[in-house]
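Reviewing the structure listed below.
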Protein chains: 4
Amino acid sequence: MSDNEDFLHNEEAIRQDPDNLIKSNDPNHPANLICTLCEQFYHNNWCTGTAGGISIKHSKYDHIYVAPSGVQKEKMKKEDLFVLNHDGSKILRSPKFYKPSDCTPLFKACFNVKNAGAIIHTHSQHAVICSLIFKDEFRISNIENIKAIPSGKTDPVTGKSIALSYFDTLKIPIIENMAHENELVDSFHEVFKKYPHTTALIVRRHGIFVWGPTIEKAKIFNEAIDYLMELAIKMYQLGIPPDCPIGDEQKY
Amino acid sequence: MSDNEDFLHNEEAIRQDPDNLIKSNDPNHPANLICTLCEQFYHNNWCTGTAGGISIKHSKYDHIYVAPSGVQKEKMKKEDLFVLNHDGSKILRSPKFYKPSDCTPLFKACFNVKNAGAIIHTHSQHAVICSLIFKDEFRISNIENIKAIPSGKTDPVTGKSIALSYFDTLKIPIIENMAHENELVDSFHEVFKKYPHTTALIVRRHGIFVWGPTIEKAKIFNEAIDYLMELAIKMYQLGIPPDCPIGDEQKY
Amino acid sequence: MSDNEDFLHNEEAIRQDPDNLIKSNDPNHPANLICTLCEQFYHNNWCTGTAGGISIKHSKYDHIYVAPSGVQKEKMKKEDLFVLNHDGSKILRSPKFYKPSDCTPLFKACFNVKNAGAIIHTHSQHAVICSLIFKDEFRISNIENIKAIPSGKTDPVTGKSIALSYFDTLKIPIIENMAHENELVDSFHEVFKKYPHTTALIVRRHGIFVWGPTIEKAKIFNEAIDYLMELAIKMYQLGIPPDCPIGDEQKY
Amino acid sequence: MSDNEDFLHNEEAIRQDPDNLIKSNDPNHPANLICTLCEQFYHNNWCTGTAGGISIKHSKYDHIYVAPSGVQKEKMKKEDLFVLNHDGSKILRSPKFYKPSDCTPLFKACFNVKNAGAIIHTHSQHAVICSLIFKDEFRISNIENIKAIPSGKTDPVTGKSIALSYFDTLKIPIIENMAHENELVDSFHEVFKKYPHTTALIVRRHGIFVWGPTIEKAKIFNEAIDYLMELAIKMYQLGIPPDCPIGDEQKY
């Protein structure tokens, strides 16, 4: 096994042995990081019973790593992963025992249309409950953690992404669930048009998809949103609308 | 100690030293896996105070492994296990300090009638609460995780088990608890007749039994059902019937 | 350091070096087990902010081990422990930096009057909340985990302790809190008289004390009772009296 | 790398290589302890999505260690830390990739005005919810854990800090949140005047700041307060005012 990533991701090396794509020892290489994060997410009750998934695009070589369908997320090994080419049109490496996740077309849509570097999909109960108490979009206002989420605007001088402000309202669209995950592709594309700046979407009675330019960002967005959904449910149960103006809490 | 499973499960070897049945070093051998899973389940609040249990049938040699009665599940060692023959009619190996779990006849019923490969029994508070708010059966509809549970139907072409669809209702029967677990055998057999496709049953004010063709499947079913019971309680508390049609949430 | 427990607990050895009392390497020796359990209980939210404590009497030599006052329970080391003689009347070994826990007289009462082998004291929020919703005693009926608690009766043939039955009601007395823990001694003795069979008592707005003939038993009792208090609060919130008869749940 | 702390904190050594300030191997050295605690706090849901932070002043050399802005708290390494001089007026050591936390001016205010040895800042949901159900101050009375918090009074004989009594009311001021954390400095100074004895302040819809003479004390205060806020929310949901007199619970 070699740590030479240039070699491991080289076209000729992949042709000779597709398993080169999963041979890196770097814990931050997608092949290793997907497994670490799936185990962590399992313990958050986000991926029990084989639910949920993660896909990461290698930041240098653009190979796409995807967790397979039906695997216990807390025991997943890098040998279980699929690897696709840069736009997901070709499978470069397959595991022995599994078939590709039904989420693969959804992940591809996020990679290709939203230029995502990683997508996290969980069955978080906070997302499911929010999809039951909110109608078309999840809304929460004036909570510090909102500042972890990008506004979609860019600083004209530095070119850097501008985050939401404490005084903003975070809005995450909710789409209807279908019998099979691949039937959700059209709804994903509609969301991309209607909410061009959103970095997440909730699927009613199912879970949430969160993406970002890197896996680090996607993980931070996902944690912040999950925290905010948990908080919104508590506010709702206390009779405080999660998107009410500051100072209006006492009215409820 | 040898890893030669053929030898360890050989009739002559067992006769000479019944402890051969618990000598495998393979972490997925029933003797080891029961201990790992019991510790994990303890931390889920499913098996505190010696409650709950697991039984696994060896997939090749058909020996049945059972956690004993009264042991702290987070500290259980393979030396504490009972091993029975293929139909549970004979004890092949006993631990020094414990007596067989009162659940043993219930496990045997699942192995022999339902052709189970493993049974998980927890005192999950979600199961106990669901047994208080539901009457004869637990019901939940239109949640993605329902798709982890088998419908009982089989694909006529591939012969594979067909899972419940997102649009289905998961129904798990609830039986009354008795003074002693072995008195539940008759109710188990009634459930097997009335709900031929169920993979689980809830015992009121007690807990849940979940079985499957393998321990991997039983574990996935148990996690998915526990997730769904937890969600159902939250829906109930929000005034949303867990089995209401999609779109009816706003009515409540 | 020696593992010869006979030597370490020998009077002459203790006189020469009281630290012999904490030198055992056996993980089940009280000096080691108190630290392991305190760390575990910390992660249960039972002992945060230096709250709570454990005391264990050595099953053979009768030396009493006590966690000190004011120590972070998740970082406690055996060097931090006090060791007392068999009835707690003499301190045999003191740590450098701490003073004895204010609970010490309460632990002594349980050792001397109730013949306890170990006492667990937690600030479990379940105990505090139960002390707010119950008046003079905590009551819960017809839940499987009640069977983990002794009834106080003894089998006349085997001489073994008989556990509560599923159809029984578990009753745990609640006493009023005082400014200092040592002022609770009188109330402890009143409980011992009024509830001769109880294995636990709740201190209102404070926490719970659970004792047993061994630390294994005390730990099992404490886990079972904590589970039952958690469940009772959930039942109360759903409008179901925790001690209502089976079948009466639907009335509420 | 050397463990000679006198050397590592020596002015000349720092001038030659500022990284000397983070080279100690002692797990209780601020450079190491901040990382350990941030990881622990992450798993408490206090610091997810890069939220929250800790600052510790070295008890002997007075150098101030601060977690940077925007780092994943569960993966933080000592190389990521800023080190400031004794009053925070000068940056002695900077990490490569991060900018100073926006909390830095708030931490400096606590160090310089309150003579703090450490400050813990979390986005605990208990703090956020308490800031929604309480108006100007969080209040809770007659709970044992209140005794972990200092009253602000000092024993005239021993000179030691006197803790709150069980019969006292803990009051923690709540200030309004601003768009940027550094805008909170004025409100911090107002709190210091109006509540000269408080060891914590809640920022509405944001989180909590807790300080103490040492990191051990700040950690204990933070845990006790978080426990009390959690309990207060449960009491509020049960209709029991968290600051009601003992015995008044039954009225609600």
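Glycine is no exception: its Cβ is also placed from the backbone N, Cα and C atoms.
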- From D:His43, D:His197, D:His206, grab the residue that TrEMBL records in the same Zn(2+) site as D:His121, D:His123. D:His206
- Query: Can you tell me the three-state DSSP label for D:His206 (Zn(2+) binding site)?
  - Reply: coil
- Three-class DSSP secondary structure - D:Glu144 (active site, proton donor/acceptor): helix
- Query: So, by DSSP, how many helix, strand and coil residues make up the region 'Disordered' (D:1-25)?
  - Reply: 15 helix, 0 strand, 10 coil
- Compile a sequence-ordered list of residues in the same chain as D:His123 (Zn(2+) binding site), six or more apart from it, whose Cβ lies below 8 A from its Cβ; state 'none' when nothing qualifies. D:Trp46, D:Cys47, D:Thr48, D:Ala51, D:Gly52, D:His206, D:Gly207
- Query: Using a Cβ-Cβ cut-off below 8 Å, which of the recorded positions D:Cys103, D:His121, D:His123, D:Glu144, D:His206 are near chain C?
  - Reply: D:Glu144
- Message: At a CB cut-off of under 8 A, do any of the recorded positions D:Cys103, D:His121, D:Glu144, D:His206 come close to chain A? List them or say none.
- Response: D:His206
- Item | All-chain count of other Cβ atoms within 10 Å of D:Glu144 (active site, proton donor/acceptor) | 20
- Item | Alpha-carbon distance [D:Cys103 (substrate binding site); D:His121 (Zn(2+) binding site)] in Å | 9
- Task: Starting from each candidate's C-beta and looking 10 angstroms out, tell me which of the binding-site residues D:His121, D:His206 has the most other C-beta atoms.
- Result: D:His121
- Item | Cα-to-Cα gap, D:Glu144 (active site, proton donor/acceptor) vs D:Cys103 (substrate binding site), nearest whole Å | 32
- Note on the structure: Filtered by Cβ under 8 Å and at least 6 apart in sequence, the residues in the chain of D:Cys103 (substrate binding site) near it are D:Gly53, D:Ser55, D:Val66, D:His121, D:Glu181
